[in-house]
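First comes the structure, then the notes that go with it.
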Amino acid sequence: MGEAVAGTVGERFRELYGAEPEGVWAAPGRVNLIGEHTDYNDGFVMPFALPHQAVAAVSRRDDGILRLHSADIDADPVELRVADLAPGSDKSWTAYPSGVLWALREAGHELTGADVHLASTVPSGAGLSSSAALEVVLALAMNDLYALGLRGWQLARLCQRAENVYVGAPVGIMDQTASACCEAGHALFLDTRDLSQRQIPFDLAAEGMRLLVVDTRVKHSHSEGEYGKRRAGCEKGAALLGVDALRDVPYADLDAALERLGDEEEVRRLVRHVVTEDERVERVVALLESGDTRAIGAVLVEGHASLRDDFRISCPELDLVVDTALASGALGARMTGGGFGGSAIVLVEAAGVDAVTKAVEDAFAAAGLKAPRVFEAVPSAGARRLV
């Protein structure tokens, strides 16, 4: 598949720019198995890469010009001056790739421009890190073409800075690290404080199970308000408890910490979610490493309840997916991603895939909702050069 995609993207690059690209790169979207809204609290996460990916054909320029083109937009390439790139200067889709060049230059790397053609199969607005895939694929291309010598986690940090400062979205580090560092057949157990990581084998098919992603097709944007409010509330909780981040509140001390927060009810809810979610990540790692994979289903259900009731970022469509899937025999289910729409994941026996899928589709139809998009999530390769 990689060669075919590279050929198509390379051919379009030639049509646009009249020359061969110097290379073609790919970076995947991700789904988060467990560990939601913990990354900006220095906590634990456990994503894996999807087969859906952003692909970029790229060549260097030496005249300070950056030209960007997307296969999704019927328009000529957007032309920008590298020296003029600045936070807030770009409000369109091009902010994600141009922000990467800005972040690399801010970090002291001399980049003299590029011609870029981008194509992506990562669903936008589905909570599957379409923006991170765009950032990481261009960062990897720049790293290779300009021989910057940066490692995956370093590229992820720069991409996060691009999205935080240049785009203005207060995202954590998980999405970019997952896209840059995941390995096929594994979930990534990531400590977001120091970016230490462990690849955990995750082969559901070998155990007779599947993980479905259900895209509700309800769109959301991290840049709009609610995500930032949750992050600010978590930071307030850490300050009130006298810790650097909520990751520093031990699970065993949670009740005492909640008592100390007194009548700060909203902050109490946010703190409870983050501390218990970190514990859930560690529990899932232990279950997978001990071979008790089916037992992670119950942990997913716990996580959804916490996101719905404490963090309050679910929505009726996500709850409908989870409730319907569980009623139809799924082993576990929860919302995934930033919330307020997007996707849910469903752990199901292989023999039950069709029944659960039909039940969810029928439930959406009965509720008068747009048909959800359902697909199997297979742990796939992280960012890499195709050609």
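Positions of Cβ are set from backbone N, Cα and C atoms, glycine also.
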Quiz prompt | substrate binding, same site as E36, H37, T38, D39 - Swiss-Prot member from Y166, Y227 | solution = Y227
Exercise. Between T38 (substrate binding site) and L128 (ATP binding site), find the distance joining the two CA atoms and give it rounded to the nearest Å.
Key: 16
Quiz item: Restricting the comparison to the recorded positions R30, G125, D175, which residue's C-alpha is spatially nearest the C-alpha of D39 (substrate binding site)?
Solution: D175
Quiz item: G125, G127: which of these binding-site residues has the sparsest Cβ neighbourhood within 10 Å?
Solution: G125
Self-check item: Nonlocal residues around E163 (Mg(2+) binding site), in sequence order (Cβ under 8 Å, 6 or more apart)
Solution: Y96, G99, S131, A132, E135, A169, V171, Q176
